[in-house]
Amino acid sequence: MMNRTKYLIGNWKMHKNFSEAETWIETVEIPSSIEIMIAPSFLYLYSLVRLTRPSNLHIAAQNMHYEDEGAFTGEVSPRMLLDVGCHNVILGHSERRHTFGESDQLINKKICSAAESELFVTLCVGEPELVHNNGKDKAMEYVEKQLRASLQGLTSALRITIAYEPVWAVGSGTTPNIDYIADMHRLIRRVVSSIFNDNSGESISILYGGSVNSVNAQNLFADSEIDGFIVGGASLDAMEFNKILEVMEE
Ligand code: 13P
């Protein structure tokens, strides 16, 4: 079996001010065997990169624009992320897709731009509830389409991690059963290998996201298809985050 990198990503969304972030960072216990990332507001990237360096706790942006500069009011560019020392970015999060109307085509532009800038990308994919209600085959078709459209034109899966986040599981307190997640991760591996015409699907880390907490993490992480988690709500509490890390280290 492939020895894939394990990740735990805390996506803070629009939560936490600077002093709350500082307290969180003081409380969290950073292991050496797992890559840990937190994605705070853009406003705190500069300070948190400095506060956490050098350590195994990495800082990620929750989004970015695809251009390096220009008349794009309210946007942040890849060049700006690199300038503040942030080398990681989450792209295609379901809230960006569904609340802010980001299309696969837009996400593809962002991913190509991130690749040019040598940023590490966590690409989120996952089916919405309406698709999920039509059955697993339809959900798989949907995720495959998202992947193919988002990764189009890229020459390598290097620096890409995929997060499978079924939209209906995000913030709902419900997770799919493990077999469902594992099947989806296997599909993602097949599609990634087919896109890049190699076996990168086997080495790429695929994380699960959607209502992960310290209670369900143990079961989920026991499945060899799941290389870690991207956590929203439960990542806001450093003690809860520590508990998830403990489960992953066991
Ligand atoms: P929850 O863990 O709150 O369901 O959010 C998941 C998520 O959106 C992480 O990116």
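For all residues, glycine too, the Cβ spot is worked out from N, Cα and C.
Record check: TrEMBL places N11, W12, K13, G171, G232, G233 at the substrate site, and the matching candidate among S150, S193, S211 is S211. Ranked by Cβ neighbours within 10 A across all protein chains shown, the binding-site residues G171, G232 are led by G232.
Farthest C-alpha pair in the substrate-binding residues N11, W12, K13, G171, S211, G232, G233: 14 Å apart. Here N11 (substrate binding site) comes close to A39, Q62, I90, H93, G209, I230, V231, G232, S235: these same-chain residues lie at least six apart in sequence, with C-beta atoms under 8 angstroms from its C-beta.
Taken residue by residue with DSSP, G171 (substrate binding site) is part of neither helix nor strand, so it is coil. N11 (substrate binding site) carries a strand DSSP state (E or B).
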